[in-house]
Amino acid sequence: MYQLIRKLLFLFDAESVHYFAMNTFKLGCRIGFIRKMLTASFKPVSANPATLFGLHFPNRIGLAAGFDKNALFLSELEVMGFGYVEIGTVTPLPQAGNDKPRLFRLPKDKALINRMGFNNDGVKVVAARLKKWKEQHASSPLIIGGNIGKNKVTPNEDAWKDYEICFRELYDVVDYFVVNVSSPNTPGLRALQEKDSLHKILSHLQTINHQLTPSGAEAKPLLLKIAPDLTVEQIDDVVDLALEIQLDGLVAANTTISRDNLQTPASTLEAIGAGGLSGKPLLTRSTEVVRYICEKTGGKIPVIGSGGIFTGEDAAAKAAAGAVMVQIWTGFIYEGPAIVKKISSKWKA
Ligand SMILES: Cc1cc2nc3c(=O)[nH]c(=O)nc-3n(C[C@H](O)[C@H](O)[C@H](O)COP(=O)(O)O)c2cc1C
């Protein structure tokens, strides 16, 4: 059924269709019996809960950052069976992102290329939206992660200030944080993955985290999202730092700048231009990164696997490499809103 709908949706611009489809789904969910019907039909086949970072995740299948950047579709994503949603990347000030078009499908590769450039409503608006949602859905078990970044205009030497602003604003309304220094679409951002820059940002956030945590309570889980393009030496640095700063986990991995081994013709890739590649071509590399970190640390640092997950087998491969949970983005576009159910029928950690 979705394969038919997909054919139709793929006739239109990828970014516009994203919002059209989600808003249509949202409208449907406003009608009580339709919402109930959808909830029942997308319900994961088997519950796959996890207690991690002191949080209870109703399901290990989450939605990766960048899909619901502005926290607009949380209830609808819950209807689709996701156990957690990572909102963002949000930045201190709202920003429009790069010029359109900036999201491209590569159907031959079951992939996407994007250069969105952290388009978002800004952390204040998103925090207010989340506060309202939490008040209205106090009994929801959905876990919400806050993925934070820096504005394009902020120079890298001041990046730590942007991360602090986002952290403080979202502290009361998200369950965990992910520091994003790995998107390829903000000029210079990935240079922040270098050891000294990362140390400054993360140790500063941990200090604030402990200041904001009421006595007797657990600090907010703080994770770092890394690029799949890091060298072994760079991953080693990240792991050392994660252990030193007592990060709660890593998300591996973001989109890649590589264009290796694609079926899409070189001329098409050239016409699309710069951006991060996601989807099937990322599956092997991101799983390798997960495996490397898990083996190196003996599982001391929990890793959330992200990259190319379309099926239960893909999720199981991430888990076999050591991932404690998984996140999906591009698979949703190709497999449709029943993707959580489909994965859950084949994968139980
Ligand atoms: C259009 C698009 C926008 C994205 N935006 C973000 C973002 O804002 N922050 C982030 O950390 N990752 C972002 N990502 C990366 C995804 O969260 C995910 O890590 C990556 O796409 C690999 O997973 P996938 O192969 O399942 O898509 C984005 C991905 C896509 C396709």
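Cβ coordinates are placed from backbone N, Cα and C, and glycine is handled just like the others.
TrEMBL: automatically predicted annotations, no manual curation.
Since the structure is predicted, the reported quantities are computational estimates derived from the model, not experimental observations.
As recorded in TrEMBL:
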type     : residues                                                                                 : note
ACT_SITE : SER183                                                                                   : active site, nucleophile
BINDING  : ALA65, GLY66, PHE67, ASP68, LYS69, THR89, ASN147, ASN180, LYS225, ALA253, GLY279, GLY308 : FMN binding site
BINDING  : LYS69, ASN114, ARG115, MET116, GLY117, PHE118, ASN180, ASN185, ASN254, THR255            : substrate binding site
DOMAIN   : 51-346                                                                                   : domain 'Dihydroorotate dehydrogenase catalytic'
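Taking the features listed in TrEMBL, we show where each one sits on the structure.
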residue	record	DSSP (3 states)
ALA65	FMN binding site	coil
ARG115	substrate binding site	coil
ASN147	FMN binding site	strand
ASN180	substrate binding site	strand
ASN254	substrate binding site	coil
GLY279	FMN binding site	strand
Practice prompt. Using a 10 angstroms cut-off on Cβ to Cβ distances, just flag whichever of GLY117, GLY279 is the loneliest among these binding-site residues.
Written response: GLY117
Worksheet item: Inside 8 A of the center formed by the CB atoms of LYS69, ASN114, ARG115, MET116, GLY117, PHE118, ASN180, ASN185, ASN254, THR255, which other residues of the chain have their CB, for the recorded substrate site?
Response: GLY66, THR89, GLY97, SER183, PRO184, THR186, GLY276
Response to the item:
CB < 6 Å to ligand 1, subset of binding-site residues PHE67, ARG115, GLY117, ASN147, ASN254, seq order -> ASN147, ASN254
Worksheet, complete the sentence: Most Cβ neighbours within 10 Å, among the binding-site residues ARG115, LYS225, goes to LYS225
Fill in: In the chain carrying ALA65 (FMN binding site), residues 6 or more apart in sequence that have Cβ under 8 angstroms from it
GLU86, ILE87, GLY88, THR89, GLY145, ASN147, VAL178, ASN180, LYS225, GLN327
Worksheet item: If you count Cβ atoms within 10 Å of the Cβ of ASN180 (substrate binding site), leaving out that atom itself, what do you get?
Response: 29
Worksheet item: Looking at the binding-site residues PHE67, LYS69, ARG115, ASN254, GLY279, which has the shortest Cα distance to the residue listed as 'active site, nucleophile'?
Response: ASN254
Practice prompt. Run through the Cβ atoms and count how many others sit within 10 Å of the one on LYS69 (FMN binding site).
Written response: 21
